[in-house]
Each structure stands twice: as C-alpha cells, then as structure tokens.
Amino acid sequence: MSPQTETKASVGFKAGVKDYKLTYYTPEYETKPTDILAAFRVTPQPGVPPEEAGAAVAAESSTGTWTTVWTDGLTSLDRYKGRCYHIEPVAGEESQFIAYVAYPLDLFEEGSVTNMFTSIVGNVFGFKALRALRLEDLRIPPAYSKTFQGPPHGIQVERDKLNKYGRPLLGCTIKPKLGLSAKNYGRAVYECLRGGLDFTKDDENVNSQPFMRWRDRFLFCAEAIFKSQAETGEIKGHYLNATAGTCEEMIKRAVFARELGVPIVMHDYLTGGFTANTSLAHYCRDNGLLLHIHRAMHAVIDRQKNHGMHFRVLAKALRLSGGDHIHAGTVVGKLEGEREITLGFVDLLRDDFVEKDRSRGIYFTQDWVSLPGVLPVASGGIHVWHMPALTEIFGDDSVLQFGGGTLGHPWGNAPGAVANRVALEACVQARNEGRDLAREGNEIIRAASKWSPELAAACEVWKEIKFEFPAMDTL
C-alpha cells in the first residue's frame, strides 16, 4: 500500500476494540412504529456490566463485530444498528436482567422468517461475554407482518370449509405412531372419524418409512375420509404429514394430497425449517388445502428458562410463516402460572390485537392487522375427564386432540371417538346454558355418561389418571 493510500484509509478511523455500550447502548432512544423489538433475558459472565452485555446482544445481532472496522465509514451505522434501549432486572434473579433491543426494519428481508431469525438469534447465543441468553418476546410491526402471507386460510375460512361452528374441533393422533401397515392405519382413521371426530392425525415422525410408505398411507387415509363422510354426513379430515427430506419431495406429497381431494396436510415446521414451511403454506393457500403444524423439537429450543427462545416467539414466527393449526400445550393439570403464559401465546396465535401484559408473559403490544389467526391445538395426555376444563380454557376456536384418550378406549377406536364427542357436546351445551364448567365439570360428564355407555366406559378407565408435575415454564 502506498503512503498516500494508507493516509486516506486511516482518516477518521481508529483501529482497535472498544466497548459495545459506547455505540449500541442508547437509553435515550425512542422506538419507532416500524422497529422490530426484542426482549432478551440476559445472564452475563461475572464482571460484565448489564449495559455492556445488553449492548453486545444488540451489536452482535445487527451490525457489530468484535473490533472496529474501517468499512463502518462506508455506511450509516446510526441508521442500521440495533440498539439496546432499556434494561430491567428480573425479579428473584440477581444475575439476570431483561434487555430490550430495537432493530431497524431495513435489516430484514421481506417475507422471510428465516432471515429474521438468522439476524436476531443466529449468532449471538454463542457469545462468550454471556453465560446464557433467552429471547422472551418479539414485537413484529405491521410494516413487516404485511410482507407475509401468513396462515393459508385462517380460523373463519376453515370453519366455513368444514361447516362446523360453535364448538371446538375434535382430533386424534393415530397410535401406535410407528409400525402399522398403511391399510391398518387407514382402518384406525376410519373408525375414529366414523365415531364422531372431525380430524385424525399422522404423528410428527410418520413420514415415509419401510413399514408404511407415504403414498400408500395417503391412499388408505383418503378412502377412510370419504367413507366416514358418506356415513356421517359431516366433513372429515386427516392430517397427512407432508414433511420430507427435501422441499421438492414435500411439495410432491402435498400435490398428491390435493389430487386425492383431502382437505388438510401437515408439516413439522421446526425440523422441516421455516423456508420449507413458508413454501408449503403458499402452496396450501393457492390450492385450497388447510395446513396443520406440529412443533416437534420445540422443547430443545424453549424448555430452559434462561437460554433459548420462548415458545411465544416460535408461535409468532409460525403465524408469519404460515399454518392453520399449531400444537400449543394443554394447561390441564399444571400450575396456574403456566396457564396464564399458555393462554398468552394462544391469544397471540388467534387474536388480531393483543395488549402488553407481563402477567401473561407478553412483553409488547402486538397488532397483527389483517394476518389470519391460527387454531391452537391442545394435545398430550388428555381424556374425557379433561373435557370441561379444556372447553373452558381454550374456548370454541381450538382443536382438542385425544390420541390415547380415543384409541385407548376398552371397546375400541369408534367407541373412544363417540365418548369424546358426547363429552364435548355435553360441555358445550352446559356452557351455553350458563353453567360453570370449571366448578361443575365432573358432574356434567357423569350426567352425560348415564345415557352414553361409551362415555361411561371411558370415565371408568381414566378416572384415576393424572399428570401432576411442576411446570417448567413460569414467569
């Protein structure tokens, strides 16, 4: 390099390492309506001040790097940098605090959850100055959410397609999840749908294994759907899992489902990836297919209280990427605090506008403008005795999914489905009459079982079954 060139390059540039807080901690900053806002739970290494740790998160998830670079002078850092604009302590935790970070909208590609997460959480979680880091919540501004299609159809369109109103929808995951032949699998689907369920479901790891290839499963399940529809006069569906090893194979399976004339397909959105999920959601809207989403692998990301991402962030990301249903936990039998947190992200899935409410874990007011809503799915260890609580907690706009609670009935699959349908109809009728489901739930189920032998048998089998463990997800 010539002396003349060296002089020009060094004008206004001082090499070396400087504290992040000098550039990225800006408590005077007033957030803009177009900013993406993030709330991080930060656990810094001993000796690292909160302001420096919060600024480091803002820097490493936006424009910063470990040292000053001369190319900073070729752009406007003030326009593009993330800013840590507020820090608050976490009650009961001396070494943790919440850092609020604002990101300019120009940092993100339109309509790409993949790019949004690559920026915000892609690199910073391995930063040495932090012992742990958890993304608790995101505020998605309307200016960004309007660049997404979102759910293929949404709650109202799904109800119109199914012609089902005024109650939660009923589902069932076929068990055993692995090992059945396609024909026996289809038989179980038929029996459950004929008994009164609205949907049956592939489990998350049912793809295309040697014992049951996907095309055979799709054919036998379609036969079960159409036969049960003809017998009951109701529209039925089975969540055909289109998840595959490549996007091309996934779309091929969705195309085959459309050609069969079935109403709904399914995707494992975390293991499949957001790019694949968004592609499938676009295909589903264009071709009239509903899209059920399974959250397999979520606990790897959201289970730890001080590191990872809270599920409410994954739920918001799914609403952007696209899905008509998503699994959201059950609440039943857990602690009250977890109930409030779960209902917080259930509202974020369903409602158009959700106010900030820290008691439910909602850090920001979220306006979804015209983005369709997503039906939460309650699934996992539930049975007929849980029906009053589930109906009261989740309301009509939900899917209540009983796997073992249907297929475990002592008389078989169809009676198991009958028991669940009778229990649901009894709870909905009691609620509509003004009765208190939380207080009178057991009485309502017992009364209904007097005229339904299928329900009476189910009540006897599961009367002692409880899942009482402390909740991991607390405020």
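Positions of Cβ are set from backbone N, Cα and C atoms, glycine also.
Of the residues proposed, Arg295, Arg303, Arg350, Arg358, the one Swiss-Prot records at the same substrate site as Asn123, Thr173, Lys177, His327, Ser379 is Arg295. For the binding-site residues shown (Lys177, His327), fewest C-beta neighbours within 10 angstroms: Lys177. For the recorded positions shown (Lys175, Lys201, His294, Arg295), fewest C-beta neighbours within 10 angstroms: Lys175. Residues near Thr173 (substrate binding site) in space but far in sequence (CB under 8 A, at least 6 apart, same chain), listed by position: Thr200, Lys201, Asp202, Asp203, Ser379, Gln401, Gly403. Looking at His327 (substrate binding site) and Lys175 (active site, proton acceptor), their Cα atoms lie 17 Å from each other.
Here the binding-site residues are Asn123, Ser379, and the one whose Cβ sees the fewest other Cβ atoms within 10 Å is Asn123.
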